[in-house]
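Colleague: Got a structure for you, written out below as structure tokens; questions coming shortly.
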């Protein structure tokens, strides 16, 4: 049969709201299937009625309704499917609420020009149920929008408004127990103790859902939101917070004492994973993030405490070894060429090997630098000996070697242990002489006094000592057939000393006077020279009395110049960085004067920090007076020993200490810990110390008993291995300020206090 139904659409005409009726035709079959009027549309009838007419009866309470085209299709009728027990809707009778009460009297009529409008559906409360009836008195069913109450409700086949959970067209819905309004979003079902989610159509959702850019999982049967902890879903582990949000990224599972990783879908990951350009490994069973050393698929790997796989050189502290991991993070063994250097790693432990190593398969002995593991080439100074390693293969060399390919024009000799030899050596029945400093094989005339023999000998071009009669440069000379010694003598003429050989030929230039154990110099006139002399581009110093050439550290105050200089074994004044008895000292180019403001460590590395400390003292010398009661570091023109040192260290770059804390805390007691925390090492302490180096920090007085006048501190400004040459730069009472004094002199004045030496690095 064909049934005509009227729907309504509310719109505004001027200042008046009007309902427009839309007539639809619905084809209904004679069967018992419900067919709803909004399933077929036709051209709407142009019928209008006034908006503000209110009808009231004794048994009916009317409320106007605006049906919209957005209401769900009324084919969402209840089916015969039986819901699960935990999903059974509550069958609570509705109670009247404020927005459902029928009016007790007609509303006041608004005096406006009548506007013709279509009849509107009205809500009717009858026998305990709310109904929605059209103008013909027929109950509407299914989903309906109550516009003026801003809600969507549902009427069953009897036209009765429904409440609580309802199973409609294979979907669960939830309607407010009081107003019947359809609910959406997260909802707590108290009697089933679960949180569920209804989409914008009011339908309960299941499985994985994206809600407000967050991922959730709802039980596929009950719709209950999964939350609080780990869940295995479809064979994958997920982690949910207490709001049910699926977690991603790194997560700590405290009760399992592990950290795991969930991908963007929230799935726990296993094995090797690249995350933010870092490589990680997660246990293939538990998903636990690996840290520390791990043996995986027959390879050793190292992961830091955040789980990042490590590459390159790594120090394994508990095994006291340095190892190397390649780009895949795998520990390496044997010989490896890395960043332009050869390294050797133990075949079993992977530990980097240093020092001398025998490479049997290549029949060579090589040397790896202990500080960085690099294979060494060329000339190397190791444990007090010079060695030569082939510039290509690194193989240790022995025998006579010409060092021209290695940048030095000299021939030297290495014994079977690879040691460069010095002095006189008998090799294959022949005597040779190798320079005691450079190891260079000597030829020609040589004075052996520096080598323990009071004689001058002659070595031919092959370095072999010559004996007997020899014609040298057209002159006949005689050398002892056993010792090779040449005879010569000195003569004083008119107050000038000259030297003649055994043939009476006058000698000029540098000469060794063996019986007086001295080197002297004769000018072009053959006269012995004294004092400072500029010879062949070098400055030399000859004793003002004996004419003996000086070398080593010399104070030129006696020669009219207030400076300390250094002459090498050949007597030549040295400039720049010079090794003096294992101490690296800097002598100013040009003047040769020692510059205490340039401090170098024993490896020849410039120490900016220690240099700045010395500069601070020099800058304040003569500008502060000694006092333990003032600022202690020069702020008020007074300073003491520990305050000065602390201030100089802080300004030089050690860890920051405020001026107030320098005054309050840093003294000869607390300086010990402060120095240790800032890279200094305690290299010695005793009643008397003699192994000083420039830049050493000295603290006098036994720790625990050195406060106030019972201790002293300063920095070593000069040390050449000779204790009596050592100089101490400090702020002290004796000079009433800063002074640079002979260390032994000051130490003796301080009653030879117990001494601590701290050295940077």
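Each Cβ is built from the backbone N, Cα and C atoms, and glycine gets one as well.
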Colleague: Pick from 9-64, 65-120: which stretch is listed in TrEMBL under region 'Disordered'?
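Modeller: Region 'Disordered', as annotated by TrEMBL, spans 65-120.
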Colleague: For the repeat 'Cell wall-binding' (290-309), DSSP counts of helix, strand and coil?
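Modeller: Taking the repeat 'Cell wall-binding' (290-309) as a whole: 0 helix, 11 strand, 9 coil.
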Colleague: Counting only residues 6 or more past its boundaries, what in the same chain has a CB within less than 8 Å of a CB in the repeat 'Cell wall-binding' (290-309)?
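Modeller: Distant Cβ neighbours of the repeat 'Cell wall-binding' (290-309) are 250, 259, 278-283, 316, 323, 325, 329-331, 350.
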Colleague: If you average pLDDT over the repeat 'Cell wall-binding' (290-309), what do you get?
Modeller: 98
Colleague: Residue list, the repeat 'Cell wall-binding' (227-246) vs rest of chain: Cβ under 8 Å, 6 or more residues beyond ends.
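Modeller: Distal contacts: 195, 214-217, 253, 260, 262, 265-268, 287.
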Colleague: Give the residue counts of the repeat 'Cell wall-binding' (227-246) per reduced DSSP state, in the order helix, strand, coil.
Modeller: 0 helix, 11 strand, 9 coil
Colleague: What are the DSSP helix, strand and coil residue counts for the domain 'Bacteriophage lysin' (612-760)?
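Modeller: Going by DSSP assignments, the domain 'Bacteriophage lysin' (612-760) contains 47 helix, 41 strand, 61 coil.
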